[in-house]
Structures are given as structure tokens and as C-alpha cells.
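Listed in TrEMBL:
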- 368-383: compositional bias 'Gly residues' (COMPBIAS)
- 359-383: region 'Disordered' (REGION)
- 48-69: transmembrane segment (TRANSMEM)
- 81-98: transmembrane segment (TRANSMEM)
- 110-128: transmembrane segment (TRANSMEM)
- 185-203: transmembrane segment (TRANSMEM)
- 253-272: transmembrane segment (TRANSMEM)
- 279-301: transmembrane segment (TRANSMEM)
- 307-327: transmembrane segment (TRANSMEM)
Amino acid sequence: MKAYNETLLKNEWVQKLAQDWTQKKLITQPQRENIDKVYSPLPYRPNWFIWIGLFIFTILGLSAATVIFLPIIDTQFAETFLGPIYGLGVLFFLNFLIKDRRLHFSGIDNAMLYAIVLSFAPLIMQIADLNYQAPWLLGLAYLPLLLFLIYYYGEPLITVGTFLTGLFIVASLAMEFVWGKLLLPFIAMLYAGAVWYFVHQFLKKEQSFYWKTALEWTHIAALSVFYAAGNYFVVREGNAALNDLPDPSPEVALAGIFWLLTFVIPLLYLYAAIHWKSLTFLVLGSIALLASLITLHYYYPFIPGDWATALLGLAGVVLVVWLMRYLKEIKNGFIYKPEADSELAILAGNIIATEIGQSATDSPQGPKFGGGDFGGGGSGEGY
């Protein structure tokens, strides 16, 4: 059972795909209108300007609603249980709004979900009996609530937060052992790599449709953590911070391995971008390579900082201009031709081909999965 009507979400997906195909003249306007009739109604999802306004007003409204609890705010019962009771009330009201107003990540439901997560903090801290000796207990106590919200709502930011909570638990447990401190970067890389592999595989399945946006966000977060955990700067400065070492930070053990990872991982991302035709890997690989060059210059400044910034910017501009000219025609699956909804091309399947010949009385079919080559994060064979 899920909070959002999955049929409405699939209707929205199909109509966006039909709009994209109409713009490319792959189907006619009458065919698109026929598809829109078959796949309706749609969930409410405003543009970003309205989304921000709804989010802010919902936060203000939720904050104002806490005024009714002021008379009992100082009691022991209120300190522990008032938050969860308030959170449950918000939860029931949220479910009513989702069903009655067909909300889906409209700003209103996002704000209410974040409020629910925060409202349970006092009780969870009591359950975890948080102390500096076992800080991972707080994350572990929070996990059941977070996992429930992920399954039931599939909210992207909460999903990424759960991924980071898991990382916090793993890192905190590792820090309790001497060997864990030494291997902490590799443990973090192993955790991020395992999460990425699970997300990468699950995105290929039809069952992932409901959580697609959340999975794509987590896909990007896992790849980012995987690189950061092996980056020489992060390892060296993180080691100094964790052990309260004075500046400048001392050299770390296995420095050669971390320097190698600092440059190999971005190159692997760029290779994956070409192999899977993945825009996500292309962007992350480019950013990671830039971060690696900055790391190298930070510890071994081969030219003055001002010159390095200017030359790096110039090199970036030259590279972009060259790529724009080079990719005017398709090269290895890449072309400089932005699309409004590139992620929809991954899941093209048989939706349009099936529906354009059907009448509006035909029953709708779900998205066709498995036909594309996933690179994750909304990337695919065409964009």
C-alpha cells in the first residue's frame, strides 16, 4: 500500500512522454489528444515558483499550529510525547490531502513530511538514549520511521537523508575500533558502492516506478559519496579533524592509494558516461575531475592561485566550445541537442506505439521497463 495513487503518476508520465514525442513529430496532435484522454486525470504538481510558496506557507502554518500546545509545553509528558502526537496528526491530515487533492510533491506534502520526521526526534532520542559513546544509536532508532516514509511516500530528500543516516551509522560503528578508523574511507566507499549497485539494479525493474525520483537522487548521492570517500583532500583533512591534529594536516597512511583513487574514480565515471550514454555520470565525472585537479593544486601548487583559476576557466570554456562543435552530429551516442525530458526517452517502450491506435475507451497500460540501458539518475540512450 502506498500513499500516492500510482495510476495518476503513470498517467502523468505517459502524457509527458506523448508531449515529448509530439514535439519531435513522432506522433500527430490527434494521436496525442487520444493518449491524453486515455491517461487522465493527473496528480497536482505545481511549477517551482508556486512549489516554493506552498512549501513556505505550509511550514508557517504547521509552526502556527503548535501554539495550541503552549499550555502544556513545559511538562515531562510534552517533552517526550507531544512531538510524536503532533506528527501523527500531521500524518493523518497529509494522507487526507493526498487523496482529496491528488497532491504529489507539491510543496505542501513535502513540508508536512519533513515536519513529521522532525516531530519524532524527541521520542527517538529518548529511545536511543543518545550519548557520545554510541551516537549511532540515534540513527539506528530513526531508521524504522525513515524506511516507512520512503516506502509509503517515496519522497526524494527523505530517501537521500536515509542513505546518509545509514552512512552515519556505519561510520560511527567503524570509529569504535582502531582498524575501523584506519579503514574508514574504504568502508564508506564500500557502503556507497553497495547502495549504488542496489539502486542501479532496482531502477531497471518495473516495480521501481513509484520511487523513481527518490532512487535517482540516491543514485547521485551514492556516486558523490563514493568519490568523496576516496578523495585525498577529504581523507587527509578528515583524518586531521577527527583526531584533533594541528594545521597543517599531517600526511596519511596509504597516501599513494588515495591519490590514485582521486583521479581514477572521475575517469571511471567518464568511461561509464560513454559506455552507458549517461548524462549523470558525465556531469559527476566532470565535476569530480575538476575537484581532483583542485586537490592536486592545493597540496602541490604548480602555478599561482590566480593564474590557476584563470587558466582552469579558460580551459573549461575552450573545452565546452569544442564539444558543442564536435557534438553537432551524434558521436558515440552523444549529441549537443538538449531535450526537455531526457529521462523519458529511457522508458519509451511500447506506450505510444500501443496507444495511438486505440480508442479512448481502452484500458491504460503501465510504463514499459527493461528496454533501455540505464546509467541511472535519469540518463539513458537518448538526450
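Each residue, glycine too, has its Cβ placed from N, Cα and C.
Keep in mind the model is a prediction, meaning the values are calculated, not measured.
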Original post:
With the transmembrane segment (48-69) as the reference, which stretch in 81-98, 110-128, 185-203, 279-301, 307-327 has the largest tally of C-beta pairs below 8 Å?
Top reply: 110-128
Original post:
What stretch, picked from 81-98, 185-203, 253-272, 307-327, has the most CB pairs under 8 A with the transmembrane segment (279-301)?
Top reply: 253-272
Subject >> Chain residues in Cβ proximity to the transmembrane segment (185-203) (below 8 Å; excluding those fewer than six residues from its ends, i.e. six or more beyond) >> reply: 163, 166-167, 170-171, 174, 212, 215-216, 218-219, 222-223, 225-226, 229-230, 234-235, 258, 374, 376
